[in-house]
Amino acid sequence: MDRSSLLQLIQEQQLDPENTGFIGADTFTGLVHSHELPLDPAKLDMLVALAQSNERGQVCYQELVDLISSKRSSSFKRAIANGQRALPRDGLLDEPGLGVYKRFVRYVAYEILPREVDRHWYFYRHRSCPPPVFMASVTLAQIIVFLCYGARLNKWVLQTYHPEYMKSPLVYHPGHRARAWRFLTYMFMHVGLEQLGFNALLQLMIGVPLEMVHGLLRISLLYLAGVLAGSLTVSITDMRAPVVGGSGGVYALCSAHLANVVMNWAGMRCPYKLLRMVLALVCMSSEVGRAVWLRFSPPLPASGPQPSFMAHLAGAVVGVSMGLTILRSYEERLRDQCGWWVVLLAYGTFLLFAIFWNIFAYDLLGAHIPPPP
């Protein structure tokens, strides 16, 4: 149902004859049933919640239009905050007769969203098109690049020790800072099969469900922000080191999701959440430990500095700040939130500082960087 048809129907039925700007919730619900309008059950639930937030049991006309058109607005948040008691108590786990894909959608809803009303809303309005193509495409591209370099170098573990590896035009190397694309394209290269497997697994297990719920634009922005922050942080804090791997983006996604789970612990219904949280933290810490060992204890020092681990930490910071803001804003406009602009301002300030640092600091500090391959 589009906005124009809804407006025409309300005018024809004279639901607001006195032009007060409010419509009775019961009146509108009866209109929906009598005309058999294609309205999602979750939206009817939200309509009741919106009415509950008004003393007279009415809904603001503009809020109703925003709700019908699925706009990300404060109406959704107010409905949850003020009218959640009026929503049905039945959980999605009680839904009978679901197909395989719908059961997967239900699983994603319980894995990602902390409130039952959010899970209902997502479950009923989710569409399989467009699919979560970003995380799947990035993972596939990383696997293809790794296989190509593995076959070319005849090396599948610790590829960075091969003298030809750093000659790739995708790797970030401090001697090639002027080639700006390397600050992002390094995410397609990996140290070896162990790093690729870890990143690919997390991207598919956490990134794909996040993209299904929050959309391609938001999750791709978060992932790429973590990747870019990773390489820029390395260029500031570990000036001699190169960077490879998508760990900056992966840690941005994982940190945002874990922080969201912790902050909404009581509402999360995913099974074994404590055990899974501990396992996730152990695996992420182990990966950071492996990266630290690789950076400072290379068995072949003559091969030059090994990739830095600072991208992991930078991605985690992006996840806890920008990522948490995004994940807590399900079905709301980010531009309407003050916190989002604060995060963007902080990230933009960091970008400007990092750009000036890369242009001037290396010469001013006399940094001795390894010769570019």
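Cβ coordinates are placed from backbone N, Cα and C, and glycine is handled just like the others.
Note: TrEMBL annotation is automatic and uncurated.
These features come from TrEMBL:
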TRANSMEM  133-152  transmembrane segment
DOMAIN    179-328  domain 'Peptidase S54 rhomboid'
TRANSMEM  183-204  transmembrane segment
TRANSMEM  216-236  transmembrane segment
ACT_SITE  S247  active site, nucleophile
TRANSMEM  248-267  transmembrane segment
TRANSMEM  274-296  transmembrane segment
TRANSMEM  308-327  transmembrane segment
ACT_SITE  H312  active site
TRANSMEM  339-360  transmembrane segment
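Within its own chain, the residue listed as 'active site' has G230, S247, G248, Y251, E287, V288, A291 as residues 6 or more apart in sequence whose C-beta sits under 8 angstroms from its own.
The transmembrane segment (339-360) shares the most Cβ pairs under 8 Å with 216-236, out of the stretches 133-152, 183-204, 216-236, 248-267, 274-296.
Across the domain 'Peptidase S54 rhomboid' (179-328), mean pLDDT in this model comes to 90.
Only residues 6 or more beyond the boundaries of the transmembrane segment (133-152), in the same chain, are considered here, and those with a CB under 8 A from a CB of the stretch are 159, 164-165, 168, 170, 187-190, 193, 196, 199-200, 203-204, 207-208, 210-211, 216, 219-220, 223, 246, 249. Note on the domain 'Peptidase S54 rhomboid' (179-328): DSSP counts are 113 helix, 1 strand, 36 coil. Other C-beta atoms found within 10 angstroms of the C-beta of S247 (active site, nucleophile) number 32, with every protein chain shown included. Same-chain residues lying 6+ beyond the ends of the transmembrane segment (183-204) with a Cβ under 8 Å from its Cβ atoms: 135-136, 138-139, 141-143, 145-146, 149-150, 156-160, 168-172, 224, 227-228, 231-232, 235, 242-250, 253-254, 283, 287, 290, 294, 307.
Within the chain, the transmembrane segment (274-296) has long-range Cβ neighbours (under 8 A, six or more residues past its boundaries) at 158, 160, 191, 194-195, 198, 238, 241, 247, 251, 254, 258, 261-262, 305-309, 312-313.
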